[in-house]
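Participant: Pasting in a structure now, in structure tokens, and then I'll have a few things to ask.
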Amino acid sequence: MFNALSESLDNTFRNLRGVGKISEKNITDALREVRLSLLEADVEFSVAKAFIATVKEQAMGEKVMKSIKPGEQIVKIFNDELTKLLGGDQAPMDLNPPAHILICGLNGAGKTTTSAKLALRLKKDGRRPLLIACDLYRPAAIDQLKTLAEQVEVPCFAPEAGETDVLKVAKQALSWAKEQNGTVLIFDTAGRQEVDETLIEELKQLNKLIEPKETLLVADSATGQQAVSVAQSFDAAVGLTGIVLTKLDGDARGGAALSMRAVTGKPIKYIGEGEKMDQFTEFYPDRMASRILGMGDIVSMVEHAADKIDEESVMKSAKRMQDGKFDFNDFLDQMKMLNKLGPLDGLMGMLPGFNKIKKQIPAGALDPKRMKRMEAIVLSMTPTERSRPELIKGRRRKRIAEGSGNTVIQVNQFLKQFGQMRKMMKSKGKMRDMMKQLGGMDDMGGLGGLGGGGGKLPGGLGGLLGGKGGGKLPF
């Protein structure tokens, strides 16, 4: 979401870092560019103005002006102030049982999906969540919540067909919840196209009845400043305790995330970064500030990978790579692991400095469709061919091309890159063994081209995704 803003800030701060001795004019010019970047990202005007004034006041201090590396000092100041703008510390939820959570927002923001995602998140944290359908105006919403509840394996209370009294439903749900032994009740409420009196009055009554410990507004980050004004309206009506920003994986400019806390005074507690149920995380202001400034978010990336990657399988795969035994069965296993991690561009965006190198990555290298085409080629092979890639010659290649919907040229290119990757990983393994014997480093892994066997990320796909030794992409 913050790609354009990140690139603009990176260019501005790169120029500052190149200045040996900094002057007031350098700082003023740089912050003017930053202010324009913030406004272009749809940050609220008064927020951007106050933010720049604060940064400038600190940047003009004697400590910065006389620093050996003034550019770095200003970047640190900007990072610290950006973290404060986003909320400072991570805002925890009040979940002491019985915890009632009221989910509200406009139509299309993602309330129902967010309710299910939140339930799954709390379930993973050891809570016993229950979902309650209180959107009586949109029949599909009740069916949607029931379906999502089954998907995340959380009990769901659904009112009888034709029911129109939301307070009656809430009372029935509270009685039902006592029988379910749940510790957190999540109420998914009705939305509207815009804030109106009927919606607000219904929410006020429901709020008074269930006395929620948390009242969360689900806001679509793609709506920009409208999301901020909507938050103000709901807060005035029912007293929000926090905000959930959805669709942060989209192409919107991101101004809502940067303005929300400053304008409403309410913390962003969760963010949704994809359609999958597990693409939902707590919001950490410091981590988001680092991502915006191109410093990456390694902590979130490791946490994300740890939940989805089998470390034993990764180590086994890495050993086979080092021994030169890596085959297409291993390749398929790694493809499955990567699919669990979600879109590659989102994952790679958490790496420090990724904004600087992403333009060097061949067009389409991180496209999920390309991954699917590679997978189709492998699935068109026989079990023997997957285990012994060297058997795949002329007629076999033609059959695989026809079976996978690719051309023979594309299959040839794919097999060539796979062979190069095997050689590269085998030589890397030999070098590692030599370093061990010499008493040197025993880990030359890291993230080399999407893992390289290091950490908890699957490796071995670098060459096929435009990494070292990859050459021209086959698709």
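Using the three backbone atoms N, Cα and C, a Cβ is placed for every residue, glycine included.
Keep in mind the model is a prediction, meaning the values are calculated, not measured.
Okay, these came from TrEMBL:
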BINDING   105-112, 188-192, 246-249  GTP binding site
DOMAIN    267-280  domain 'SRP54-type proteins GTP-binding'
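Let's see these features in context: how buried, what's close, how far.
Facilitator: Of all Cβ atoms in the protein chains displayed, 26 besides its own lie within 10 Å of the Cβ of GLY105 (GTP binding site).
As a whole-number mean, the pLDDT of the domain 'SRP54-type proteins GTP-binding' (267-280) in this prediction is 88.
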Participant: Comparing the binding-site residues LYS111, ARG192, which residue's C-beta has the most other C-beta atoms within 10 angstroms in this structure?
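Facilitator: Answer returned by the neighbour count: LYS111.
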Participant: Count the other Cβ atoms sitting within 10 Å of the Cβ of LEU248 (GTP binding site), across every protein chain shown.
Facilitator: 22
Participant: Can you tell me how the residues of the domain 'SRP54-type proteins GTP-binding' (267-280) break down into helix, strand and coil by DSSP?
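Facilitator: Split into helix, strand and coil, the domain 'SRP54-type proteins GTP-binding' (267-280) gives 0 helix, 6 strand, 8 coil.
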Participant: For a quick check of packing: other C-beta atoms within 10 Å of the C-beta of THR189 (GTP binding site), how many?
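Facilitator: There are 27 such Cβ atoms around THR189 (GTP binding site).
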Participant: Specify the count of other C-beta atoms within 10 Å of the C-beta of GLY108 (GTP binding site).
Facilitator: 14
Participant: Secondary structure at LYS111 (GTP binding site) (DSSP, helix/strand/coil)?
Facilitator: helix
